[in-house]
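Feature annotation from TrEMBL assigns domain 'Major facilitator superfamily (MFS) profile' to 27-475. Residues annotated as transmembrane segment in TrEMBL: 20-40, 111-130, 136-158, 170-188, 200-221, 283-307, 319-341, 348-370, 382-403, 424-444, 450-471.
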Amino acid sequence: MPGGGFAVSAPSGVEFEAKITPIVIISCIMAATGGLMFGYDVGISGGVTSMDDFLREFFPAVLRRKNQDKESNYCKYDNQGLQLFTSSLYLAGLTATFFASYTTRRLGRRLTMLIAGVFFIIGVIFNGGAQNLAMLIIGRILLGCGVGFANQAVPLFLSEIAPTRIRGGLNILFQLNVTIGILFANLVNYGTSKIHPWGWRLSLSLAGIPAAMLTLGALFVTDTPNSLIERGHLEEGRAVLKRIRGTDNVEPEFNEIVEASRIAQEVKHPFRNLLQRRNRPQLVIAVLLQIFQQFTGINAIMFYAPVLFNTLGFKSDASLYSAVITGAVNVLATLVSVYAVDRAGRRALLLEAGVQMFLSQVVIAVVLGIKVTDRSDNLGHGWAILVVVMVCTYVASFAWSWGPLGWLIPSETFPLETRSAGQSVTVCVNLLFTFLIAQAFLSMLCHLKFAIFIFFSAWVLVMSVFVLFFLPETKNVPIEEMTDKVWKQHWFWKRYMDDDDHHHHNIANGKNATV
């Protein structure tokens, strides 16, 4: 999801010489803890906001309604203040992304990750020690700033340090860590909900662990060669390149990076550049992928799981089961995509998952619509199991498609000279729609009830049709050759590629490192 960077590939698709060195693996694992942090923050808030001790201290009105409101499962959390606690993080992240785009370019990927770590640590201190609502919100806002910086630098860092042939897989490390973070948060909440009255403080404070890992990681990893060269440290860049590629023969790749960075330097206004006609396809796809990712309804299902499984007669331990089952499925399916993305390809995964998500959502809606009409919650054992299986089917298909690919595809399709700006827009749109859905979701749940699944399944249909006709396949295409090999060959997008502005002629023709 990263910011101002550029990846590089050999001319005419020659694979650069690159061993997969331990330093690459370690750097990537350290860097991806940024994802762990993001996942933990997203996962923790849902559990904390349903703890009575937490509500008693900060949202007494919600607690009263929760205890009285026996007739509707759907409306008890419909409170804008409570939703703001969760979504202030996304708003702050949205704003921070633009500053992060600048620091990623000027100060490098590594320092940006360090800044993110510091924001996280301060945010955690505010949250864990919160005495009033203001401290809580400030803590969440600081965490949000951390998310903005981490989400800008980490994916970029991963794309640049990874050898081309495993770029997709390494990039998804980020997403994998997000899912592990969510699973971990759910387990923690299950444990701390039994500790009265300060369990929620423990939940919020444990975020300090991934925060410390990210900060330490950023102190030890080297910056990417691309970033060093972009900032003019050529020799250092060459030395790092030799180290991470495990070979002395790095000249071809080194020269590509230098050339790519020279072109990037010529671009004075990356955001204005983004709006040019020949950058339209990448921009449209990046923005739509983010919107679609949120409209798959993944948040609905993740949120709903405890309520659903409660109905199924797990009763007291329902939330644990639901969290662990959906969380584990999420992690495992993301592992599938790490394996499949550079083999089966991006399109195949998205289309297959579209069918799977559509069917499972329709089945859930139908079963719940017929079976859970009035106040009768008893689904019956067989139906209950069917719903659980469908929820897992749905979560799995999201986790090997829209989850990781929503981030991977934009980070690899933008041409060098707009990559940083493009990444910013991507992160921004994503956080904006996450914010909108987080703010609206509980209210939608209250009014639409089960029809909410029909609403999301309709969107899944729309996005699958879009992928079928408008999303080109980008697997195994070196980043610099995207224009020639992907966009110019595409039935629809090629019409945007023929009118080069003359001073960019050499770039658009792909003589130099273009994407």
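Each residue's number is its place along the chain shown, starting with 1.
Placement of Cβ uses the backbone N, Cα and C atoms for every residue, glycine included.
Keep in mind that TrEMBL annotations are predicted by a computer and have not been checked by a curator.
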Residues of the same chain, at least six outside the transmembrane segment (424-444), with any C-beta under 8 angstroms of its C-beta?
1, 3, 77-80, 82-84, 86-87, 90-91, 93-94, 97-98, 100-101, 147-148, 151-152, 274, 283, 286-287, 289-291, 293-295, 299-300, 303, 406-407, 410-411, 452, 455
Under 8 Å, at least three CB pairs between the transmembrane segment (283-307) and the transmembrane segment (200-221) (pairs 6 or more apart)?
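No, the transmembrane segment (283-307) does not contact the transmembrane segment (200-221).
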Mean pLDDT across the domain 'Major facilitator superfamily (MFS) profile' (27-475), rounded to an integer, is what?
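The average pLDDT of the model in the domain 'Major facilitator superfamily (MFS) profile' (27-475) works out to 85.
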